[in-house]
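Participant: According to TrEMBL, the protein carries these features:
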type: COMPBIAS; residues: 234-244; note: compositional bias 'Polar residues'
type: COMPBIAS; residues: 245-254; note: compositional bias 'Basic and acidic residues'
type: DOMAIN; residues: 8-460; note: domain 'Major facilitator superfamily (MFS) profile'
type: TRANSMEM; residues: 64-87; note: transmembrane segment
type: TRANSMEM; residues: 94-116; note: transmembrane segment
type: TRANSMEM; residues: 122-150; note: transmembrane segment
type: TRANSMEM; residues: 162-181; note: transmembrane segment
type: TRANSMEM; residues: 187-208; note: transmembrane segment
type: TRANSMEM; residues: 271-292; note: transmembrane segment
type: TRANSMEM; residues: 312-329; note: transmembrane segment
type: TRANSMEM; residues: 336-353; note: transmembrane segment
type: TRANSMEM; residues: 365-390; note: transmembrane segment
type: TRANSMEM; residues: 402-424; note: transmembrane segment
type: TRANSMEM; residues: 436-456; note: transmembrane segment
Amino acid sequence: YRGLTLVLTFLCYTSYHLSRKPISIVKSQLHPNCSALGPNPRNDSNSSMWCSWAPFDGDNYKELFGALDNAFLVAYAIGMFISGIFGERLPLRYYLSGGMVLSGLFTALFGLGYFWNIHVLWYFIIIQVCNGLAQTTGWPAVVACVGNWFGKGKRGFIMGIWNSHTSVGNILGSLIAGVWVSSAWGLSFVVPGIIIAAIGIICFFFLVEYPEDVGCSPPLHHVMTSNEKDPEVVTSSEVGQSSTDRSDSPREPSEEPEAISFLGALQIPGVVEFSLCLLFAKLVSYTFLYWLPLYIVNVAHFGAKEAGDLSTLFDVGGILGGIFAGLISDYSGGRATTCCVMLVVAAPMLFLYNHIGQNGIGTSIAMLIVCGALVNGPYALITTAVSADLGTHESIKGNAKALSTVTAIIDGTGSIGAALGPLLAGLISPTGWNNVFYMLIAADVLACLLLARVVVKEVRGWCGYMARKRGSSVQLTESVLNGK
């Protein structure tokens, strides 16, 4: 069941990113270089833009593309705070499946504008807003499902690998959209829309929300006291008994804990700190997502295709960074410290990439992978393992009904940074790329400082543990010397 949950949720969020990617691929077709296609068959004065798709055929097409991006990102950021609250009060399977079908519908509607010959900007803006709201159902639901099945000690490494769905979805979305972008760009949206809706239907029939639903023991969500029994280590008779009990009498609604409120989730220790940290970490990550290909073209003077291929290495580094961060944080028990160290190292690496990263293809590849790992590693860890940890924090006595709300608060706050970063880069880039990188470095430093209190708490916990360990060793030595 754990394997099934990982595979299904992986496919679900892969399809979410698969359906988001076509807009970045199709932009080049909505406003192509018409002069390269030959003479204007219409014989009008607008010879340079005759092949563009109205309303993106004017000189302000960059602003219009920016409006499409921001319509989605702002709606996603606002909707995320509301989405988690609904996710706690509705069955996750219904909520996730319904959101995927709606996301598929709105993605397909954007592409149908091609076949319906729609040239009204507000149609595309409204579709982007609706799609942004629908896609907020995904992240809180999949993190909650995985968090329900995996205990705290295993989350970092498992979720680090599982989080590669983001990059897999981006790559698949690019490939699928690229098949029809030149012939009928509407299909670049319709086909991904069908895919996400189909996976949503599969999820509806096969996803299991809670281990208790199929007679399995729940995982360990917090540190046990001495008189508590590890739910994952039970005897066969206990498993048989619990399975029989659950199969004979399914969970009563009255036995389920109440869903946590928005303010109650904010009061969980660490939620505010990690949310604000993610705001700045996601600001850096999404600035690279939207602006890295253009930076490579302008600074390294590669072609558009080569720049796009190189920019995928940042995602490759992000996969490695997420796995590495999860593994280290599992071993050390310090989620905040792991994030803080990676953010501290990321700042000088961003500075080096801007100054020496374009000196050669080998240097560029290495720096992109390293920067991707250091930038996306903390981002991946916070949105996965940290969100699941805080959603089942011991202060709420393992109440899994907080998972969706906590995840939505953290990712919603981060999405504000995702919308803000590309916007700031667009405003700052005319003054020089150096200033853009200074802004990114400052954001990394701020993200690190916001975790200072949690890091201090983790360090004190380690010091206390080492002191107790030394005390136990001294006591054991004395007992041996005294012949006990």
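All residue numbers here begin at 1 and follow the chain in the order shown.
Every residue gets a Cβ built from N, Cα and C, even glycine.
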Participant: Are there residues at least six beyond either end of the transmembrane segment (336-353) with Cβ under 8 Å to its Cβ atoms? List them, or say none.
Facilitator: 270, 273-274, 277, 281, 284, 321, 325, 328-329, 367-368, 370-371, 373-375, 377-378, 381-382, 386, 437, 440-441, 444-445, 447-448, 451-452, 454-455, 457-459
Participant: Are the transmembrane segment (162-181) and the transmembrane segment (312-329) close enough that 3 or more Cβ pairs fall under 8 Å, when only pairs 6 or more apart in sequence count?
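Facilitator: When sequence-distant Cβ pairs are counted, the transmembrane segment (162-181) touches the transmembrane segment (312-329), since at least 3 lie under 8 Å.
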Participant: Need one number: mean pLDDT over the domain 'Major facilitator superfamily (MFS) profile' (8-460).
Facilitator: 81
